[in-house]
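First up is the structure itself, then whatever we jot down about it.
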Amino acid sequence: GELNAAGERFLAARGGLGGSLATNFVPCKGQRRIVRLDLKLIADVGLVGFPNAGKSSLLSKISHAKPKIANYAFTTIQPELGKIMYADYKQISVADLPGLIEGAHANKGMGHKFLKHVERTKQLLLVVDISGFQLSVKTQFRTAFETVLLLTKELELYKEELLTKPALLAINKMDLPCAKDNLSELMKQLQNPQDIFHLLQEDMIPENTLEFKDIIPISTYTGEGIEELKASIRKSIDEEAEQENEEYRKKKLLLLQTSV
């Protein structure tokens with residue numbers, strides 16, 4: 001069962017019947033159950049990325065949150081929540097979630113501890129290191145394009161519905177040498193991903209690819225692209241809210257028409 005709104009109820013175990021004449025006023029025992037409660041963080045936007053992609057640095061740049069930032073993998077071990085404040089007092093909540101690794105859908109690394117929170121975010125913001133990613137010397141190096149595919153694959157294997165969420169892509173660390181050349185290559189690959197698939201291992205390729213509403217190059221070190229990213233997040237959230245309002249209006253109108 002799930003409780004997602006105020007006032008919702010769920011029956012976990014039935015109580016026993018009270019004493020009566022038939023039972024000589026001895027009450028019957030109720031059901032006995034062991035119940036696991038799982039709290040899922042709710043946020044407008046969830047930051048998705050491999051360890052050390054710069055998610056915590058990004059959250060500290062776009063909000064007043066002060067997450068732990070360090071140059072090693074798995075700095076973030078629990079979700080951190082921040083709010084983007086806009087000039088018109090609009091607020092958008094952003095969740096910095098522990099980094100994914102390959103096999104997270106099977107509960108490797110932070111695994112399900114991370115992915116359960118993604119279910120409760122309205123939109124996804126993938127954060128990718130333009131220079132690529134390598135967890136350790138024992139693991140294979142992944143390019144930025146491969147990182148996008150692997151993140152998509154992990155989300156898909158955990159729950160396919162996650163790929164239906166609106167998504168943005170932030171390409172981080174644009175202050176690094178050769179970043180512009182890498183970005184140019186990545187944009188070509190993202191435009192025609194099928195052209196690259198034959199060069200990759202089959203288990204890296206997701207059944208469905210994420211359709212990004214916007215792709216923004218950023219640098220959390222220099223601040224490049226941060227304002228553009230904030231504007232893009234706002235636009236995406238507003239569009240989604242307007243779409244939901246339109247669907248609600250249509251349902252109300254349909255109910256009125258059928259009741260007449």
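Glycine is no exception: its Cβ is also placed from the backbone N, Cα and C atoms.
Automatic, uncurated: that is what TrEMBL annotation is.
Per TrEMBL, the features are as follows:
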DOMAIN    1-42  domain 'Obg'
DOMAIN    43-238  domain 'OBG-type G'
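Residues in the domain 'Obg' (1-42) partition by DSSP class (helix H, G, I; strand E, B; coil) as 3 helix, 0 strand, 39 coil. Confidence for the domain 'Obg' (1-42), expressed as mean pLDDT, is 85.
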